[in-house]
């Protein structure tokens, strides 16, 4: 169905509002899971590493399943996926209130809620991109702050609900709030031409002659497949001879579709043999597409900046994600009294993440700022801030570090810019999908690793030194790969003839 031109406004602003609210509702609880993490530790008595799997799965599963989420949205549309995912998120949260043990939470909260969030994120971003072209950056920036605002509000909301209604009541109420996603999804009107008539089914006898005849030698493979997919609507008569039971096909002659079907078994065998041949060609084509995908993936990793970027995003999520999950428990382990809490530390991380997304996004638009180096700077500063957490023994210092970490976590808003500069716009979708997979892997592994360090040492010191080292290492690897001096050194060495699979982008970022 033909789509309208992106209106860059109008109903698009309704899409922005409901997408913002959708991300607010679905990501509020998973991102503020640190409040629930403390309650689960007390309720189930499991180790910190095992309990941390609940929150890490909720954040990582959606990213790990990003290719499946994209396929669902492209196949069914943003509105149905949003409504279905709203049921998943709400149902997973409500189901978690009846969890008898931590393993049940792995499924109900970690997998069900996490997968629902991944589907919702893909749906909101996709439909926003359809409605906006010139103002796409602004629209995406606005909806992306929904998750950060959700983190800010849900951290305080969940703490209050736990105090008044207990852990189970909190999850039931938060799940009920998530049902509002269904209303948001109903407003996600598909962008399609209102005056575009629905396609009519054509009777076989009314098909044009060009679909009744097929000359194998005059068509390329893609045309063969297209005609095969339209299927045959009429009998074809072949000039062939039967020799030793094998058919030797020269060409196909057109036969009027109104002619009655022949009863000769030879014609039936010819048709079966012909369609079998084209099915084999279709299978070969699909295999060729798979080989091309693998070849493009290998080509991406031949780009040293992209290879460094994938290592950096993996290490960043292993080390940078745990604070949003564990900071409340860090304060409790540092003997910070609850009376000193002016605002939950997770709320500070959330509001500063929203500020960081906006300010870093604005800085990335300045031509005199190198986006890749800006991203590297956020990684290095974040690594240093993580290493400073063990020295924070008061609410004020923990709040200050939480604000710094939250602001730097806003570098997610410039990550697509960095990816585009690294591989080019034509490779963005492929490259971004790979990077998001490794980001999900890091999100899933980071908090349990930090929790295991605590279970091993009974202190968060080594755990956050490890987190800071991971982020620092990722930043320095990316910095070294992007330095123009590396290209200068490589130019002095004999190099093979350039191919389409080699990219020199570091000096152009």
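We count from 1, first residue shown onward.
Keep in mind that glycine also has a Cβ here, set from the backbone N, Cα and C atoms.
Owing to the predicted nature of the structure, the values given are computational and were not obtained by experimental measurement.
Per Swiss-Prot, the feature topological domain 'Cytoplasmic' maps to 1-12 (among others); the stated evidence is sequence analysis.
The transmembrane segment annotation in Swiss-Prot covers 13-33 (among others).
Under the heading transmembrane segment, Swiss-Prot lists 53-73 (among others).
Residues or ranges marked as transmembrane segment in Swiss-Prot (evidence: sequence analysis): 80-100 (among others).
What Swiss-Prot records for 102-122 (among others) is transmembrane segment. Tertiary proximity for the transmembrane segment (102-122) is limited to same-chain residues at least six positions away from its ends with a CB under 8 Å from its CB atoms, namely 22-23, 26-27, 29-30, 33, 40, 44, 46, 50-51, 53-63, 65-66, 69-70, 72-73, 81-82, 84-86, 88-89, 91-93, 95-96, 181.
Residues 12, 16, 19-29, 31-32, 34-35, 124-125, 128-129, 131, 174, 324, 343-344, 346-347, 349-351, 353-354, 357-358, 361, 365, 410, 412-413 of the same chain sit 6 or more residues outside the transmembrane segment (137-157) yet have a Cβ under 8 Å from a Cβ within it. As annotated by Swiss-Prot, transmembrane segment applies to 137-157 (among others).
Here Swiss-Prot flags 164-184 (among others) as transmembrane segment, drawing on sequence analysis.
Positions annotated as transmembrane segment by Swiss-Prot, on the basis of sequence analysis: 305-325 (among others).
The feature transmembrane segment is assigned by Swiss-Prot to 342-362 (among others).
What Swiss-Prot records for 372-392 (among others) is transmembrane segment, and it gives sequence analysis as the kind of evidence.
Summarising the annotation, Swiss-Prot assigns transmembrane segment to 398-418 (among others) and lists sequence analysis as the type of evidence. Away from its own ends, the transmembrane segment (398-418) comes close to residues 141, 144, 148, 309, 313, 320, 323-324, 327, 330-331, 334, 336, 342-343, 345-346, 348-361, 363-364, 371-372, 374-375, 378-379, 381-382, 385-386, 388-389, 392, 428, 432, 435, 509 of its chain (Cβ-Cβ under 8 Å, at least six residues beyond either end).
Within the chain, the transmembrane segment (433-453) has long-range Cβ neighbours (under 8 A, six or more residues past its boundaries) at 47-53, 55-57, 59-67, 70, 297, 300, 309-310, 313-322, 325-326, 415, 419, 460, 462-464, 466-467. As annotated by Swiss-Prot, transmembrane segment applies to 433-453 (among others), with the evidence given as sequence analysis.
Summarising the annotation, Swiss-Prot assigns transmembrane segment to 462-482 (among others) and lists sequence analysis as the type of evidence. Distant neighbours of the transmembrane segment (462-482): 304-305, 307-309, 311-316, 318-320, 322-323, 372-373, 375-376, 379-380, 382-390, 446, 449-451, 453-454, 506, 509; these residues of the same chain sit at least 6 beyond its ends, with a Cβ under 8 Å from one of its Cβ atoms.
According to Swiss-Prot, the feature topological domain 'Cytoplasmic' maps to 483-509 (among others), an assignment based on sequence analysis.
When Cβ-Cβ distances under 8 Å to the transmembrane segment (372-392) are tallied for each of 13-33, 305-325, 342-362, the top count falls to 305-325. Tallying C-beta pairs under 8 angstroms between the transmembrane segment (80-100) and each of 13-33, 53-73, 164-184, 342-362 places 164-184 first. For the topological domain 'Cytoplasmic' (483-509), the predicted model reports an average pLDDT of 45. Residues of the same chain lying 6 or more positions beyond the ends of the transmembrane segment (305-325) and with a Cβ under 8 Å from any Cβ of it are 31, 33-34, 37, 52, 55-56, 59, 151, 346, 349, 372, 379, 382-383, 386, 389, 402, 405, 408-409, 415, 418-419, 422-423, 431, 434-435, 438-443, 445-447, 449-450, 463-464, 466-471, 473-475, 477-478, 480-482, 503, 505-506, 509. Listed as Cβ neighbours of the transmembrane segment (164-184) (distance under 8 Å, sequence separation of 6 or more from its ends, same chain) are residues 18-19, 21-22, 25-26, 28-29, 36, 39-40, 43, 82-83, 85-87, 89-94, 96-98, 120, 154, 157-158.
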